[in-house]
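Q: Just passing along the structure, written as structure tokens.
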Amino acid sequence: MESIHAAFVSLIISFVLVWIGTKLFLPVLHKLNFGQAIREEGPKSHQKKSGTPTMGGIVIQGGILIAMIVFTFIVGKDLLFPLIGMIAFGAIGFIDDFIKVTAHHNLGLRAWQKLVLQIAAAVVIAIYAGTNPDIGTQLVIPFSHKLIDLGWGFYPFTVFVIVAVTNAVNLTDGLDGLCAGVTAFVMIFFMTAAITVKDPEIAAFAGAVVGGCFGFLRWNSNPADIFMGDTGSLALGAAVAVTAITLRLQIFILIAGFIYFLEALSVIMQVTYFKATHGKRIFKMTPIHHHFELSGWSEPRVVTVFWIVTVICVSVAMLAIF
């Protein structure tokens with residue numbers, strides 16, 4: 001199967017499955033009373049979202065998984081590496097979400113517990129990637145066709161990339177449709193890159209993620225009927241990171257996924273400045289999407305602008321690789 005066919009077949013299958021699956025899953029979540037608790041420190045306008053069903057990431061992962069099973073059945077090749085990476089981080093998010101919904105508060109795993117689990121999963125992924133001759137320890141340099149070999153430095157670098165990206169994507173999941181939309185556009189970049197280098201397996205996986213995100217947006221756009229939860233955001237973050245690693249395009253995450261970087265950087269800057277100045281703030285609230293909300297922007301406006309910025313950044317990333 002050609003890469004472009006693999007990508008779009010997987011995209012369509014995942015899109016349909018997640019669209020329909022989310023609709024069917026919503027009554028189950030309502031019956032289980034798996035509603036999202038909203039943190040009191042967040043914007044006051046978000047308090048009305050309390051109780052919205054969460055853990056929609058289960059359906060996103062399910063749609064992607066089934067699309068990949070169909071792809072494997074047709075082509076005869078498996079996609080265990082990116083799937084295992086996605087599911088491993090999705091499982092961490094599931095544990096975190098499950099603790100939250102059963103205890104009915106916004107505190108799940110402790111930060112150190114989540115970090116330890118993430119690092120452990122990232123180490124396994126890094127070792128597999130670095131010792132796999134089809135992936136190796138090289139990276140593509142943006143705006144050139146040159147490769148740089150990190151050698152042993154590849155392993156700590158890859159662990160950092162995976163943990164940083166998954167948490168940055170998690171931070172982006174703070175407004176209706178923001179994370180799903182941004183991630184769909186970012187994965188369109190990686191899908192296009194995989195099609196270009198004639199890698200049908202990764203093209204199919206990236207396409208399935210794109211389809212899953214767009215299918216979920218039907219129910220997650222403002223006003224959201226369901227949230228993806230950490231089950232979804234950590235899984236999507238891992239999908240972005242592992243796809244980039246497989247294509248040797250880790251550095252391109254900074255370009256295509258600039259919004260992720262901006263969200264994470266705003267939190268780091270805010271916390272650092274707050275501690276250094278004993279209580280002063282740079283932004284009204286972080287992650288930065290909340291700053292714009294508190295500056296008078298409506299939630300749909302913030303999301304739309306961030307989507308547009310991502311499309312522009314993805315276009316720049318295209319120029320940087322081709």
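Placement of Cβ uses the backbone N, Cα and C atoms for every residue, glycine included.
Relevant sequence annotations retrieved from TrEMBL are reproduced here:
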- ASN170, ASP230: Mg(2+) binding site (BINDING)
- 6-26: transmembrane segment (TRANSMEM)
- 54-74: transmembrane segment (TRANSMEM)
- 80-99: transmembrane segment (TRANSMEM)
- 111-130: transmembrane segment (TRANSMEM)
- 150-171: transmembrane segment (TRANSMEM)
- 178-196: transmembrane segment (TRANSMEM)
- 202-219: transmembrane segment (TRANSMEM)
- 226-245: transmembrane segment (TRANSMEM)
- 251-274: transmembrane segment (TRANSMEM)
- 302-321: transmembrane segment (TRANSMEM)
Q: Can you count the other CB atoms that lie within 10 A of the CB of ASN170 (Mg(2+) binding site)?
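A: I count 25 other Cβ atoms within 10 Å of it.
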Q: Is it true that the transmembrane segment (202-219) and the transmembrane segment (54-74) have 3 or more CB pairs under 8 Å, sequence gap of 6 or more?
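A: Per Cβ check, the transmembrane segment (202-219) touches the transmembrane segment (54-74).
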Q: Check the transmembrane segment (111-130) against each of 6-26, 80-99, 150-171, 251-274 and return whichever range has the most CB pairs under 8 Å.
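A: Selected stretch: 150-171, with the most Cβ pairs under 8 Å.
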Q: Apart from its near flanks, which chain residues at least 6 from the ends of the transmembrane segment (226-245) lie with a Cβ under 8 angstroms of it?
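A: Sequence-remote neighbours of the transmembrane segment (226-245) are 22, 25-26, 29, 36, 52-58, 60-61, 64, 81-82, 85-90, 92-94, 96-97, 108, 118, 121, 125, 129, 135, 158, 161-162, 165-170, 172-173, 179-180, 183, 186-187, 190, 194, 202, 205-206, 209, 213, 216, 219-220, 252-253, 257, 260.
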Q: With Cβ distances under 8 Å as the criterion, find the stretch in 6-26, 54-74, 80-99, 150-171, 251-274 that has the most pairs with the transmembrane segment (178-196).
A: 251-274
Q: Residues of the same chain, at least six outside the transmembrane segment (302-321), with any C-beta under 8 angstroms of its C-beta?
A: 140, 142-143, 175-178, 181-182, 185-186, 188-189, 192-193, 196, 222, 249, 252, 255-259, 289, 292-293
Q: Could you give the residue numbers and ranges of same-chain residues that sit at least 6 residues beyond the transmembrane segment (54-74) on either side and whose C-beta is under 8 angstroms from one of its C-beta atoms?
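A: Contacts with the transmembrane segment (54-74): 1, 6, 9-10, 13-15, 17-18, 21-22, 25, 29, 34-36, 83, 86-87, 90, 93-94, 97-98, 100-101, 201, 204-205, 207-209, 211-213, 215-216, 219-220, 226-236, 239.
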